[in-house]
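Down below is the structure, laid out as structure tokens.
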């Protein structure tokens, strides 16, 4: 029976280890050193690591048997190409104090020299403008939970999930909550962090700004926002949509948030789409079949959890275009990096930026992120308020907050004057030939051509026009 159990264990866990070491055959798992050295992939099975692929060496198999009874519960991935400079990367947690002056000086120098800066912003940059964030104690999730008196939602995050449209009570709560949030957005003004992004744009340093915010405060700083327009003309890419617009759930038409729509949303209802209603009435007047289900409703033009992003292809193409421009600095403001899409975006940009020797990734927020999850992705983590850090940068780099000098380019006139155009063509034709002698390159006999314009077939004009000098006109036959 023991032999049968050993055979099962050998076939299950020791597959691909070879037959040189009898002790290695009895091993439950190989050591991490053998897997990393031999370069074969390993799979986690019930908390243990099973080897597969290339056969390890005999000495390493012996080590595998010695250390086989110490369980290792760490996933081991297939080896990838080693980058030497990644060995020296380690995220440093800094504060705006005297202890971090050396590292802060390196950050200030990188901002001054960089010409291709990518910025990622979250809800933390708009808190000082009166718009709450999402996950704090006074954030939008907790506000939504407190406003739900009928307990139609379990968590505050559920109010921003696409599944809320299945319940009439949650739809009513969603409409009222979005109307209140839109009212706060209308009275808000840009913060110092918004103006810092504007300064980067003014000095030609901003490559692109990706924002998770839906307030659209960047437009108050003369920054061009959007996601579906010409990518080269965009300054700020709105990853999660814009609260200042309403979109139809059926035809995807966009409308402004006017007073009539605001009153409807304040009552807890979604307004009907004007375009869909016009088509519905037109078909009804013509006697055609018209269904009320074909009329869409207007909802805020934002992306909810669990919803397919309507501009995913545009974002993918635009991100590829920005990464091809080789950015060398990424500044992350006011986000906890909890959204999966944003996490992937940061990792892709960080991988591209760290291919350069001067590439740096800076994270600025009151709340810290996990060093183990973001080590070698983020270089510097500054625990500070975003506006306070911008005030610090204004003192350290005052030239960045000054208006850049406009250079004027003067064009000199051409050395030779332009030739005068001939206007009166008829007088030119009737003028006599020039009497000045002309030295011809070859003998040319003056011939004459007949003006036959405006005549019928077979008619001839009574006079002849002189041919121009050196014209390739055939001789007139006698």
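Including glycine, each Cβ sits where the backbone N, Cα and C put it.
As given in TrEMBL:
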{"type": "DOMAIN", "residues": "94-431", "note": "domain 'Deacetylase sirtuin-type'"}
{"type": "ACT_SITE", "residues": "240", "note": "active site, proton acceptor"}
{"type": "BINDING", "residues": "248, 251, 273, 276", "note": "Zn(2+) binding site"}
{"type": "COMPBIAS", "residues": "442-453", "note": "compositional bias 'Polar residues'"}
{"type": "REGION", "residues": "442-478", "note": "region 'Disordered'"}
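Structure with TrEMBL features highlighted.
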{"residue": "240", "record": "active site, proton acceptor", "contacts (Cβ under 8 Å, 6+ apart)": "212, 213, 214, 302, 303"}
{"residue": "248", "record": "Zn(2+) binding site", "contacts (Cβ under 8 Å, 6+ apart)": "254, 255, 273, 275, 276, 296, 297, 298"}
{"residue": "251", "record": "Zn(2+) binding site", "contacts (Cβ under 8 Å, 6+ apart)": "273, 275, 276, 296"}
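Within 8 Å of the centroid defined by the CB atoms of 248, 251, 273, 276, the record's Zn(2+) site, lie the Cβ atoms of 249, 250, 252, 253, 272, 274, 275, 277, 295, 296, 297, 298, excluding the listed residues themselves. Within the model, the domain 'Deacetylase sirtuin-type' (94-431) shows a mean pLDDT value of 87, rounded to a whole number. Here the binding-site residues are 273, 276, and the one with the most other Cβ atoms within 10 Å of its Cβ is 273.
DSSP assigns residue 276 (Zn(2+) binding site) to a helix.
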